[in-house]
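Colleague: Can you read through this structure? Questions will come right after.
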Amino acid sequence: MYGAGSELSIVSRSTMSTWISDRHFVDEIHKKRRRVCKRWRKTCTRDLLYRRLPFLSWITKYDFSKLLSDANAGMAVSLTAIPQTIGYAAVAGLPAQIGLYSAFMGPLMYIFFGTVREISVGPNSVLALMINSYVSEGGVAYAVILAFLTGVIQLIIGLLNLGFIVDLISAPVISGFCSAAALTAIATQMKGLLGLKFQGSNFLGVWRGVFENLSDINYYDAGLGFLTISILLIMRKLNCMMNLEVFKGQSCLQNRWISRVLWFLSSSRNASVLIFSCLAAYLLEINGLNQLTLSGDIEPGLPTFKLPPFQIERQVDDDEIQVLNFSDICAEIGAMGIALFPLVSILEQVAIAKTYSHGKSTDATQEIITLGIGNIAGSFVGAMPISASFGRSAVQSSSGVRTPMVNVFSSGVILLALGLLMPVFYYLPKAVLAAVVISSVMFLVEYEEIKPMWKSRRIELLPLVITFLSCLFVNMEFGIILGAGFHLLLLLHLGNKPKISVGEIQAINVIKTSTPESTMVNTSAIEAKRIRLICDRSLHFPGIETFRSRINEVIHDEGCEKLIIIADLERVLEMDYTSLKVLKCIYADLQKREHTLIFDKANDVIQQHLTTAMDIPVSAFIQITRHNVTV
């Protein structure tokens with residue numbers, strides 16, 4: 001009985017301990033689940049939902065008056081977008097319909113995810129120019145793959161809050177990049193403007209081709225092209241005519257109607273010249289009098305929704321077809337292209353979003369996410385990479401837009417053009433298309449930045465010029481990387497090279513140590529010359545040697561005289577480990593040479609690091625309350 005009872009007792013204890021451990025395990029699972037749920041509730045809030053889906057904040061307040069305003073703005077911006085996007089497709093070396101595909105899918109996504117109602121997204125001159133070199137190698141498929149990759153990277157950057165990366169590209173670098181892109185885009189359109197046919201897509205190549213083929217210029221194309229540029233520039237200025245004296249005596253009603261008419265003529269100038277040039281070319285063609293170079297057949301119809309071309313076939317020669325999978329395509333595009341397209345696109349998007357933020361803070365992260373979604377969605381309809389367009393955004397803003405619903409109307413008009421108007425664009429003269437692009441991008445040359453930069457920070461003209469020249473004469477990708485890298489190096493050089501001013505302290509009335517237990521010390525009677533070194537910024541390893549060199553210069557200039565060197569650290573907010581170690585060496589070296597180094601007004605953190613980690617005595621730290629200095 002005793003043995004059986006012992007066995008039962010042992011089994012019971014074993015079962016009990018197993019039950020307790022299982023219960024403890026279950027409790028731990030419940031605790032972790034509660035913690036996860038608590039974090040989820042903190043993260044998934046109503047505010048976050050409204051940030052990620054901004055249309056929820058305005059869709060419930062949408063009314064008929066806003067609908068009319070958005071419809072008006074949508075019609076106006078679409079009249080600008082259609083000729084511009086066809087022209088940018090030509091800049092990129094793509095068929096005209098690709099530009100229109102890119103102009104409707106991005107805006108549709110912006111309705112749901114965009115935060116700034118004035119922004120119009122789609123193709124622009126800078127991205128079109130960057131795409132050109134890739135299209136010449138891989139055709140339309142490479143442009144679509146670039147749109148997909150650009151969108152994926154932008155979506156990752158947005159979701160991980162990595163938008164600060166674009167802050168590494170400075171304003172002078174952006175100015176140089178945009179100016180070079182504008183001049184290169186103008187150069188690429190000279191072939192269409194002058195009716196020439198030759199190989200060449202970069203700045204130097206195009207101009208070389210123009211001068212080599214001067215005898216082949218089509219003077220009908222050239223005349224029409226330069227006339228169109230003149231008309232577009234004049235129509236662009238029609239909005240300013242209301243300031244003329246002739247209109248100041250008109251009634252308010254007359255002024256309002258005149259203003260609206262002038263605004264409409266100005267904002268629809270691209271569409272106007274497109275319509276009239278197509279009509280003129282058609283009449284010349286049917287009468288057998290046409291001498292103009294026409295755009296030719298453009299594929300009509302709406303785009304097919306399908307996966308991007310992750311695998312393509314390329315004709316190598318008459319008997320061989322090369323099959324490239326997705327990894328092969330990415331390898332040919334290269335890491336530089338894959339990285340730069342998202343960054344340049346984000347730069348333009350965020351810059352324009354800030355321009356139209358009306359003083360409010362801009363949710364740059366949401367704009368990046370929206371841009372990523374728009375590019376990914378565009379790749380499924382065969383679009384090229386997109387970003388915000390400053391010209392079309394200006395039209396949209398001046399048209400009285402009320403909400404992002406404007407994109408429904410602008411996209412609708414573009415889809416209508418794709419479905420019905422492609423046969424009309426057969427008669428579109430290439431010279432007119434080139435004129436539309438040139439008159440749009442010529443204002444991207446930021447020459448006005450040079451004067452204020454020269455007056456304020458001349459040194460920053462260097463990255464601007466380097467970026468401009470390398471983008472213009474090498475390529476866009478290399479230029480922006482070189483310019484950004486150079487400016488960062490310049491910033492490191494200037495920012496970590498402290499200015500050390502030297503002055504002689506004639507009399508020190510009171511010096512007190514920074515420790516509470518210390519007593520006031522009067523050093524006026526000390527037989528040593530007192531030299532004060534004032535550092536103007538924090539000390540880091542690139543600049544600490546400047547501090548050491550300055551001390552050695554002072555000692556050399558004073559000869560063999562004993563010195564009390566007072567290092568004023570009031571403006572030194574932090575030091576890295578290298579600087580701390582070098583200060584320790586300087587302190588020890590000066591002691592051996594019978595000089596004294598004293599640290600004045602060092603903050604608590606720096607003093608703690610120097611005393612605890614570098615074994616510099618506390619007595620070396622003082623705070624001078626009154627002194628006379630001769631510089």
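Just so it is clear, glycine is given a Cβ too, placed from its N, Cα and C backbone atoms.
A TrEMBL annotation is a machine prediction, not a hand-curated record.
Annotations for this protein, taken from TrEMBL, read as follows:
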DOMAIN    67-467  domain 'SLC26A/SulP transporter'
TRANSMEM  71-91  transmembrane segment
TRANSMEM  98-119  transmembrane segment
TRANSMEM  139-157  transmembrane segment
TRANSMEM  164-187  transmembrane segment
TRANSMEM  217-235  transmembrane segment
TRANSMEM  261-284  transmembrane segment
TRANSMEM  368-386  transmembrane segment
TRANSMEM  406-425  transmembrane segment
TRANSMEM  459-492  transmembrane segment
Colleague: In terms of Cβ proximity under 8 Å, which residues at least six beyond the ends of the transmembrane segment (217-235) contact it?
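Modeller: Result: 192-196, 265-266, 269-270, 272-273, 277, 291-293, 429-432, 434-436, 438-439.
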Colleague: Counting only CB pairs under 8 A, let me know which of 71-91, 261-284, 406-425, 459-492 has the most with the transmembrane segment (98-119).
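Modeller: Result: 406-425.
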Colleague: Counting only CB pairs under 8 A, let me know which of 139-157, 261-284, 368-386, 459-492 has the most with the transmembrane segment (71-91).
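Modeller: Of the candidates 139-157, 261-284, 368-386, 459-492, 261-284 scores highest.
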Colleague: Across the whole of the domain 'SLC26A/SulP transporter' (67-467), what does the mean pLDDT come to? Round it, please.
Modeller: 87
Colleague: Report, as numbers and ranges, which residues of the same chain sit near the transmembrane segment (406-425): CB under 8 Å and 6 or more residues beyond its ends.
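Modeller: Tertiary neighbours of the transmembrane segment (406-425) are 70-71, 73-75, 77-79, 81-82, 85-86, 96-97, 100-101, 103-105, 107-108, 110-111, 114, 117, 120, 278, 295, 298-303, 396.
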